[in-house]
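Here is the structure we will look at, set down as structure tokens.
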Amino acid sequence: MRMFSLQKMAMAFTLLFFACLCSFVSPDAQGDALFALRISLRALPNQLSDWNQNQVNPCTWSQVICDDKNFVTSLTLSDMNFSGTLSSRVGILENLKTLTLKGNGITGEIPEDFGNLTSLTSLDLEDNQLTGRIPSTIGNLKKLQFLTLSRNKLNGTIPESLTGLPNLLNLLLDSNSLSGQIPQSLFEIPKYNFTSNNLNCGGRQPHPCVSAVAHSGDSSKPKTGIIAGVVAGVTVVLFGILLFLFCKDRHKGYRRDVFVDVAGEVDRRIAFGQLKRFAWRELQLATDNFSEKNVLGQGGFGKVYKGVLPDNTKVAVKRLTDFESPGGDAAFQREVEMISVAVHRNLLRLIGFCTTQTERLLVYPFMQNLSLAHRLREIKAGDPVLDWETRKRIALGAARGFEYLHEHCNPKIIHRDVKAANVLLDEDFEAVVGDFGLAKLVDVRRTNVTTQVRGTMGHIAPEYLSTGKSSERTDVFGYGIMLLELVTGQRAIDFSRLEEEDDVLLLDHVKKLEREKRLGAIVDKNLDGEYIKEEVEMMIQVALLCTQGSPEDRPVMSEVVRMLEGEGLAERWEEWQNVEVTRRHEFERLQRRFDWGEDSMHNQDAIELSGGR
């Protein structure tokens, strides 16, 4: 008896094991099914050309969307002029939620295997040349909400199984050759259309062949009333939600997973799993095997490469080379999480990422005009120079980006390497703050943290350099130096100035010229005098307020934004001048006591602790 029980247990285990195997859909099987569909549809060589049969994971293919577990959830192949048939192998995609193949010339019948797509919520095969009967297996799709089979050549009766779809909201079967009686319960669906068939909409309880919602007649007044009512209702609901969230945040503060964007921005909360997962091979091909000719820069965690995806989208691929070292992998996870929730028009958006056993990569949009540093100092002869209006817009855009990081993210985000090289420029020369590799999430209860000093000499705030303590005021200092770069076109630290004067640091250089009222010697010669003197003076004043020695004296970024917009600068500048006179007298007194000399600095190079971006 005991032996018999063991045999039954073994058999049950074996059956369970094989059942699990059968229910598991591997990326290989998904890719094979999709590629079989491509063949059956008779796709041309230039259509779906990135669908590679040898690629394990189809989640990188065009028109395919996957979830965070690499299961295919959406396939959209609309208006591509296919002339083939549907493949029954699509039926293995049991996680597929949306299947759209409308507007093609697909022939043949709808496969019975489509009834295996049990996760499907939307099936759209409108405007094709499909023939045969509607499969009764469609009734297995209990989650189906939208079924659109309009404008085909389907015949036969409407299967009774469609009455067993509890979530169906839209049923559009018009313009076919269907015949017979329409099941009574289908008239209870909110939106239906059975017109242009040989169907019987009468019977014992006559019904219109099209629902009021689906009717396309000229009753514009009722439609207008409905639309107005819906819009008004939605407006009231949205206002109530916003009011609720505002009151909730006033009492409880920000939650970790919620951020408040500035006016005019769309709240786009992006979960980690919703970022695009790139295949290693895809990025390898995009960057020409990470060719040195495609290197855009090198940072503290690796190089950045220019890449081109199969759809000709240009990207910047950041390849992390030290993720196995302490902090490397954690830095990757921190950056992915941080960038994905910090969404603002003046912040660099993360497109996606790639992880393998040996690689960690981040993918960003490619900025057409590269960086502010490049446009200021590395343009070729004949290239357009940044005019003054563009420079003002860049200054304000970058300030708004840093304001968002400091004051609208919870916890706040400290960049810690603010400089012109990390302010990127899009196709419209709008400022886009990039490189969060050095960014640090700071607990709201702390104003600073002691950590390893990272940054670029000439941009690092004095308290950060001497103590390792950083805060948002550290970024404000770096931003002030960046403003001086924007005005002068010069580097933050330049030893060539030793030939003429002692001021190696751009900050000291500008302070000296400002005291001497030599504005023309400060402004970038490339502007060729095309600027407004008062506006340049205002920008220099903001820069000097941002670079005060004591972090407590520096404005926060929201104040910087207001000052750049013309509010509150005069009062702050007057206070600064009074303090600066006292500091200058003290400095001159100390200078008379000590011989500073030049030899200790003359042969040094600029030190970039984090590397170029």
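Yeah, the Cβs are placed from backbone N, Cα and C, and that goes for glycine too.
Here is what Swiss-Prot says about this protein:
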SIGNAL    1-31  signal peptide
TOPO_DOM  32-225  topological domain 'Extracellular'
CARBOHYD  N81  N-linked glycosylation site
REPEAT    95-117  repeat 'LRR 1'
CARBOHYD  N116  N-linked glycosylation site
CARBOHYD  N155  N-linked glycosylation site
CARBOHYD  N193  N-linked glycosylation site
TRANSMEM  226-246  transmembrane segment
MOD_RES   T287  phosphothreonine
DOMAIN    290-569  domain 'Protein kinase'
MOD_RES   T313  phosphothreonine
MOD_RES   S371  phosphoserine
MOD_RES   T390  phosphothreonine
MOD_RES   T450  phosphothreonine
MOD_RES   T451  phosphothreonine
MOD_RES   T456  phosphothreonine
MOD_RES   Y464  phosphotyrosine
MOD_RES   S466  phosphoserine
MOD_RES   T467  phosphothreonine
MOD_RES   S471  phosphoserine
MOD_RES   T547  phosphothreonine
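Here the features listed in Swiss-Prot are painted onto the structure.
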residue : record                      : CB count, 10 Å
N81     : N-linked glycosylation site : 12
N116    : N-linked glycosylation site : 18
N155    : N-linked glycosylation site : 15
S371    : phosphoserine               : 24
T390    : phosphothreonine            : 18
T456    : phosphothreonine            : 25
Y464    : phosphotyrosine             : 24
S466    : phosphoserine               : 10
T467    : phosphothreonine            : 11
T547    : phosphothreonine            : 23
* Structure fact -> Other same-chain positions with a Cβ less than 8 Å from the repeat 'LRR 1' (95-117) and lying at least 6 residues past its termini are 25, 41, 67, 71-89, 123-141, 143, 148-149, 154
* Provide the number of Cβ atoms within 10 Å of the Cβ of N193 (N-linked glycosylation site), excluding the reference atom itself. => 22
* Between T467 (phosphothreonine) and T456 (phosphothreonine), find the distance joining the two CA atoms and give it rounded to the nearest Å. => 16
* Closest of N155, T390, T456, S466, S471 to S371 (phosphoserine), Cα positions, recorded positions only -> T390
* recorded positions clustered about S471 (phosphoserine) [Cα within 10 Å; pool: N193, T313, T390, T456, Y464] -> Y464
* Asked: For the topological domain 'Extracellular' (32-225), what's the model's average pLDDT?
  -> 87
* In three-state terms from DSSP, label T287 (phosphothreonine) for me. => coil
* Asked: By CA distance, which of the recorded positions (N81, N116, N193, T287, S466) lies nearest to T390 (phosphothreonine)?
  -> T287
* To do: Going by Cα-Cα distance, pick out whichever of the recorded positions N116, N155, N193, T287, T313 is nearest to Y464 (phosphotyrosine).
  => T287
* Rank the modified residues T287, T313 by the number of other Cβ atoms within 10 Å of each Cβ, and give the residue at the low end. => T313
* Asked: Expressed to the nearest Å, what is the distance separating N116 (N-linked glycosylation site) and T547 (phosphothreonine) at their Cα atoms?
  -> 65
* In Å, rounded, how far does the Cα of T313 (phosphothreonine) sit from the Cα of T547 (phosphothreonine)? -> 39
* To do: Starting from the Cβ of S471 (phosphoserine), draw a 10 Å sphere and report how many other Cβ atoms land inside it.
  => 23
* To do: Could you tell me how many residues in the repeat 'LRR 1' (95-117) are helical, how many are strand and how many are coil under DSSP?
  => 5 helix, 4 strand, 14 coil
* **Alpha-carbon spacing, N193 (N-linked glycosylation site) to N155 (N-linked glycosylation site), which is rounded to whole Å** => 16
* Asked: Nearest to T287 (phosphothreonine) in three-dimensional space, by Cα, is which of the recorded positions N81, N155, T456, S466?
  -> T456
